[in-house]
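First up is the structure itself, then whatever we jot down about it.
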Amino acid sequence: MSKKGRVLVAMSGGIDSSVAAVMLHEQGYEVIGMTMKTWDYANLGGSKKETGCCSLDSINDARNIAVSLGFPHYIVDIREEFGDYVINHFNKEYLDGRTPNPCVLCNTHIKWDSLLRRADKMDCDFIATGHYAQVRSENNRFVISKGLDENKDQSYALWGISQQSLSRTMFPLGHLHKTDIRAMAAERGFMDLVNKSESYEICFVPDNDYRGFLKRRNPGLEEEVRGGEFVMEDGTVVGKHEGYPFYTIGQRKGLGITLGYPVFVTEIQKENNRVVLGREEGLNRNGMWVDQLIMSKYENLKGIQKQSITKVRYNDDGTSSTIEQVGDEMRVLFHEHVKAIAPGQAAVFYEGNDVIGGGWIKSSFKQD
């Protein structure tokens, strides 16, 4: 074994994870590559793209990098556990009138757990991924912080990783920009990686048609929920909709209703199959409750009011807020209005570039 240690690298076949593996190999680590097959397009009725996540082409791309550098590469089939946890949860959340974030679930409960189990079997000291984030040890805690490249930062999707997992995690790309990664790949002759398009879709909904996914996943759902009422915030019925699972908070397009002015989905009421509509200002909230907390920088914040920049979705710049842990939940008071807070999405709290912790949005509120 290398003096620096043995590291198991998650390799998707994309440029980021491939360059992460290359960097660690060149730094003298004993690298083992692992590609996780999480699902397949045909069984789930999605697009049958040959170059997407988990495709044969992507698996071969990862293997070719390993072969060219002389380190072993393994393929691990985790479709069953991915389906049982991530896909079933995604489906259930929409049926509960919430808006899920499967990537956070996958990172926390599937990728890291799978990597660490295999790492232990292979006597690996560390695991590594191609995420744009950083991790460090401070005050007996392992702290996640933003990647140097703000445009590519992925810390929002990593808040759910446990302290034990973080203690063995490496993010080789955290201190680099995407332009650096492309340059490194080009310098080493990996032009296929440089020219490879990136995917920003949910991997098991590759056509981005979550409505179609739900219909395929739940035969008879469409008939069961069709015909519910669109109502205004004062309860006035203004039309019929296709079923509450097919709408999300903040949605404006695809409502199929014309009122003479723009309206948005402000609330989803599963219990009576109602979708509440309102003007844009009706999306404004200045507080929320977050549950299922996992803390990074601090063990807990019980009884402590702390200033934070809080993100309520992936592409959110964040909003200044005061957070206070109450029992097992976080009460968040924003210093200005935030639009379209969707229950089921992840909320992540930042102190500077550091992740304080995160959880799942339970509910939002508006107070004077």
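Note that Cβ sites are derived from N, Cα and C of the backbone, with glycine treated the same way.
Going by Swiss-Prot, these are the annotated features:
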- Cys106: active site, nucleophile (ACT_SITE)
- Cys203: active site, cysteine persulfide intermediate (ACT_SITE)
- Ala10, Met11, Ser12, Gly13, Gly14, Ile15, Asp16, Ser17, Met36, Gly130: ATP binding site (BINDING)
- Cys106-Cys203: disulfide bond (DISULFID)
- His131: site 'Interaction with tRNA' (SITE)
- Gln345: site 'Interaction with tRNA' (SITE)
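Asp16 (ATP binding site) falls within a helix when secondary structure is assigned with DSSP. In this structure, the C-alpha atom of Cys106 (active site, nucleophile) lies 14 angstrom from that of Ser12 (ATP binding site). When the C-alpha distances from Met36 (ATP binding site) to the recorded positions His131, Cys203, Gln345 are tabulated, the minimum falls on Cys203. Put simply, Gln345 (site 'Interaction with tRNA') is 25 Å from Asp16 (ATP binding site) when counted between their Cα atoms. When the recorded positions Ala10, Met36, Cys106, Cys203 are compared by the number of other C-beta atoms lying within 10 angstroms of their own C-beta, Cys203 comes out lowest. Calculated from their C-alpha atoms, the gap between Gln345 (site 'Interaction with tRNA') and the residue listed as 'active site, cysteine persulfide intermediate' amounts to 17 Å. Among the recorded positions Ser12, Gly14, Cys203, no residue is found with its Cα located within 10 Å of the Cα of His131 (site 'Interaction with tRNA'). The recorded positions Ser12, Gly14, His131 differ in how many other CB atoms lie within 10 Å of their CB, and the one with the most is His131.
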